[in-house]
Structures are given as C-alpha cells and as structure tokens.
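Quick notes on the structure that follows.
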C-alpha cells in the first residue's frame, strides 16, 4: 500500500491507542467495526493504520500547561495515498485538518512514498543554481534586509541599494512588510533596482541580487510574477504563509516565472511555536517549503529575540538540504538578531551552504550599510581562514567597530 506516514505527538487523559485509532479512522473511512465484512473488504485499501506507538513518560511540565494529567506518546499513522490527490491542501487536510483543532496533538513529520513526492517540483534553482547566479561557491552567502523603506521613494531605494551592494553583500531583500505603493511601485523597484546594482557591478565587478517582495491579491500574483520575470527580476520574496503552500507551488511550476523564490516565515508563528500542538518547524518551514519549490527559506535563528531552539533551527536546515531527497537543496537562511560577531557560530551550526542574513547588523553599523557589509565579509573570511574574529578585527576597522558595538562569540575549534 502506498501511504503517507504521519508522525504525531499525542496527549490523552486515558487511552493513547484508542485516540490514535480514532484519528486513523476519522481521517480516512470514518468507521470500521460496524461495517459488514464485504464493505470492510472494499474499504480496506482506504483505511488509515496506526503503525507504531512509542509511549513517553508523564511530564509535570505538560500537565501544568494543560491543567490536567495526560499520557503522552509518539504515534505513526499511515494514510493511503489513494484517498487524496497529490496536492498540498489535500495532504494537509488529510493529515492535520480537523485534527489541528484538537489542541493536544502536534504534527511532527510527514514521510512520503518516492513516487508520490516526485509529483512535486522542489526548488527550480536551489543552492547550486543560486551560487551560479551570484558567482560565489566557496563560502556562505551574505544578504542584507532592506529596512526603513516605508514612506521612502525610489531615489532613496536606489541610493540605499547601492550602499548595501558596495558593502559586499551577495543579496539584498525587501522587507516583508514592503508592499506595492505609489512611492515604491513593484515594477519600478525591479527596473530601478537592477540599474543601480548594475552600476555597482560595473564599478566593482561584484554581482548583487535583489529580492523584490511579490505581493497583492492571490489571483493576480501569477501575472505579476510573470511581469517581474519579463523585467529581469533577480529573486522574488514571497510571504508564503499569508497565501498558502499551494500558491508557492503554482508560482514555482509556471515556466514563465523562471525566477528564484525566497520564502519568508511571516505568519508561521501561528502554527509552529508550541511544543505541545501545531506543526513542527522542520516540517512546516523545511520539508514542505522545499517540496513546494522554495529556493531559499528564511526562519528564526537560534540567536535573536525571536529565536528558535538550536535543534529546531538545525532541523529546518537539514530538511532543506537533505541529499537523500529527489529535489535540489534549498538555501537555509537563519534570520533575526544576526551581527558580525555571530558569524563563527552561524558557520559552526549551519556550515558553508547557508546565508548570513542581517538587517540591523548591517544598517546599524557605525559606518552605515557599507561598513556593515564589509564587517560581515571580513568576519566570514576570518572564520574560513581559521582566525579568531578579534585578531582579524585588529586589521579591519569595519569589523572592529562591529565587535565594539555588538560583541563577538568565538567558537573553539
């Protein structure tokens, strides 16, 4: 039987197995024991099956949170793929639709038959394709977040874009809250932004890509994205969870929108933060976004004010880069709270195939965005050379100023 395997964390006051069996039946054929033998035989291939139950010890922390004593278990349930079409809405409604309303169930993972998941696109470009576009293959990429643009005009945008590029960043992304407006129209951001970055390229020989925020009403997005591709957009930033995973997939699969897509995690916090219910970050921000076609995925770093736990962040990165999957690897982009002094930690945790993404850590540098970018580049070079940041800072004024402002986290070899 071809089946999607769902792994859950279940809580129940009395009988975990009974609850698990109820889920398996309730999300497939509805009932079993009351059916005549002939109907059972006809429906057997559609029946969900509890495959494994691993009981966990009782947790006082869990009991205190829910205000009652609960049993806990990791449960695996197989859902026959014959029951649903190969699309993400059908998958999500089957495995966690009404179940998400339970409040005491957490969806930890989904495992797919190979022939089923091959019906999904995965990233069009992925890590290798993005590296080819930037021309950088031997280090983490550096990205700057375009902050403070609301209420500004195109002249300000192009000026600030040049500064960030002159600092040596590989990519600049719009802020996710920058929408189409009279002051900063979408198409003009693309054309004026490209012209500004071309000037910097001619001056320095360094290529910088600009991720423009694709926004608007859902049914207008495809035409807008096609126009962006026609205008030569480098990358499309997309607030995927405001629209839906299926919309991301539709953008990825359209051959007239052959532009890398950067998935932003805005609104994912409504689904992932609790350890007791909702959806695990490695699935929601990792496996499913890669399946749907994101080339880059932003997610909270373990270091900032909106931090994920380190193992959760690493789990997202593993899901995005797992070589066993039949898709291109997607770029992990740990974000929030990043400054040059954290670069040793970022590279230790996420390796070279990651993107160092900073907003305030670049724009808040004493020498502005140019100094901020140079400080990050110096920090990356130092780590790759095996040098402590403080030693490298003695020879690099921009890095020294960054360390003076934000400090440094050295990592032992």
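Any Cβ shown, glycine's included, is placed from N, Cα and C.
Now, the feature entries from Swiss-Prot:
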- 98: active site, proton acceptor (ACT_SITE)
- 147, 173, 174, 175, 176, 264, 337, 359, 360: substrate binding site (BINDING)
- 173, 175, 176: Mg(2+) binding site (BINDING)
- 173: N6-carboxylysine (MOD_RES)
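In the three-state DSSP classification, the residue listed as 'active site, proton acceptor' falls within a helix.
Cβ atoms within 8 Å of the centroid of the Cβ atoms of 173, 175, 176 (the Mg(2+) site) belong to the same-chain residues 145, 146, 174, 177, 178, 211, 213, 237, 264, site residues excluded. When the Cα of residue 147 (substrate binding site) is compared against those of the recorded positions 98, 173, 175, the shortest separation belongs to 175.
The two recorded residues, residue 360 (substrate binding site) and residue 175 (Mg(2+) binding site), have Cα atoms 12 Å apart. The least crowded of the recorded positions 98, 147, 173, judged by other CB atoms within 10 A of its own CB, is 98.
Cα-Cα distance from residue 98 (active site, proton acceptor) to residue 176 (substrate binding site): 30 Å (rounded to the nearest whole number).
Summarising the environment of residue 337 (substrate binding site), the number of other Cβ atoms within 10 Å of its Cβ, over all protein chains shown, is 19. Cα of residue 173 (Mg(2+) binding site) to Cα of residue 337 (substrate binding site): a distance of 16 Å.
Counting only the Cα atoms, the space from residue 175 (Mg(2+) binding site) to residue 337 (substrate binding site) is about 15 angstrom. Annotation for residue 176 (substrate binding site): same-chain Cβ neighbours under 8 Å, separated by at least 6 residues, are 213, 237, 239, 264, 266. Most other Cβ atoms within 10 A: among the binding-site residues 174, 175, 360, that distinction falls to 174. Classification of residue 173 (Mg(2+) binding site) by DSSP places it within a strand.
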